[in-house]
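Okay, so here's the structure we're looking at.
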Amino acid sequence: MQTIYGKEEVSKLNEQLHHLKSLVEDSENVQGDATKKNIFKGRDGEKEVVPDDPIDIQRQEKVKEAMIHAWSSYEKYAWGQDELQPQSKNGVNGFGGLGATIVDSLDTLYIMGLHEQFQKAREWVANSLDFNKDYEASVFETTIRVVGGLLSAYDLSEDKVFLDKARDIADRLLPAWDSPSGIPYNIINLAHGRPHNPSWTGGESILADSGTEQVEFIALSERTGDPKYQQKAENVIVQLNKTFPDDGLLPIYIDPERGTSAYSVITFGAMGDSFYEYLLKVWIQGNRTTAVKPYRDMWEKSMNGLLSLIRKTTPSSFTYICEKNGRTLTNKMDELACFAPGMLALGSSGYGPDDSKKFLSLAEELAWTCYNFYQSTPTKLAGENYFFRAGEDLSVGTSWNILRPETIESLFYLWRLTGNKTYQEWGWNIFQAFEKNSRIESGYVGLKDVNTGDKDNMMQSFFLAETLKYLYLLFSPSSVISLDEWVFNTEAHPLRIVARHDEANSGRANGDDRPKIRLRGRKEGRD
């Protein structure tokens, strides 16, 4: 449907365009006072790059307004606590009282140019964020949200308070890696240590929880010059690579005593997903040098394994990723697995022409399926997982929606990498469904049931960290957080790409595995 703008709307759009011209420049680094102005500078000096589509500008502003609404609601009703319960208008501490929403939102506020809000958040981090809590923390969640959020804020603003805090919390997490195999235990007390695994895993460590700290800990070692974080995290990949299967697919449970896989489901959804994501992203984070090529090699093995899990529905030929238990495939796919189209698109450029085209096409097919997870429900919001039965295409299984970002994340990557505006339209439709169903006066809530629209009472911190950030970037120039300069952790926290030239990598299963930390500029040539 064509949109017709009146004179006042055109005038407003022109004002917004003028404003963006003053803010947006080609991104390589940020200099000056981050809380006053976003200045993105390129290798060849400052260069203005602005959206050329007034609809993009308008949509970007709508997403920014949504962030302001979410943030101000949190600020009003739950400041300093982990997350807001919008319906009851109170805060809850599901992450030990670490101000998860504040830390998760820092980079989103910064990128959107919400300087006053960013400065207030920065002051809270500097003066009130205390990690000395008698709390049994998830090593995974704390790493991706807190370590990742703080490091991203540091990379964007160059404010050392964020790096110091990241180091503090990482030091409290490090004893989790002190297992016989080096595979981390997944729970640790932030004040007292005592790492262990959750009782419901039968003592096993979880694949995603154990293989999704590499990006953050490598970055922390690079920024601080202290190799211990990188050593601990990379040793996990060294151990897993010793017995890495030919299809690159690992079950979701690992024995922390022996470092070997335990019999369990193989999935690109919950408890498996981000292990595969980080094999690719460590390679990108290291600027694709030979030092990080073993990660790429492992990832390519895993993608060949993924191909063996691909099936199509009838009658509409939706492409989906099965789960696997032993030799049995299950026709089920989590919405969490909708990160995979973006991952495949991001990784496709490292292949030769034929494979690159094959994996990009697969990414586009899977994105269409994920978009239909949304379009197939009465609320146009996706359920938590879907089942596929002959002749029935797809049907929602677990029917809640907790404001997850994965499909939008993939649409962002596909838009950036193909320039196909269809992905922007799909993202805008999803955003409108969130506005219609999840926005209330005091924030955003998930849905208990995407079929009925019944609301829950939680504004997840990742809604601000990921969902709204990816939506904002979907309508931003590609120079804003350029994929040539930044890599996103699994919580959508962008970290600077820094060329790796050390000897330590996932291929060194024997000998001295200590990283040789060398501080280098990001744009050094690739090996």
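In case you wondered, yes, glycine gets a Cβ from its N, Cα and C as well.
Positions annotated as active site, proton donor by TrEMBL: GLU141, GLU384. The active site annotation in TrEMBL covers ASP273, GLU406. The disulfide bond feature in TrEMBL is assigned to CYS338-CYS370. The Ca(2+) binding site annotation in TrEMBL covers THR490. Positions annotated as region 'Disordered' by TrEMBL: 505-527.
ASP273 (active site) sits 9 Å from CYS338 (disulfide bond), taking the CA atoms of both as reference points. In sequence order, GLU335, LEU336, ALA337, CYS338, PHE339, CYS370 constitute the residues six or more apart from GLU406 (active site) in its chain with CB-CB distances below 8 Å. Separation of the C-alpha atoms of THR490 (Ca(2+) binding site) and GLU384 (active site, proton donor): 18 Å, rounded to the nearest whole number. On a Cα basis, GLU141 (active site, proton donor) lies 19 Å away from GLU384 (active site, proton donor).
Proximity of GLU141 (active site, proton donor) to non-local residues of its own chain (separation of 6 or more, Cβ distance below 8 Å) is seen for PHE95, given in sequence order. Over all protein chains present, the Cβ of CYS338 (disulfide bond) has 29 other Cβ atoms lying within 10 Å. Cβ neighbour density within 10 Å is lowest for GLU384 among the active-site residues ASP273, GLU384.
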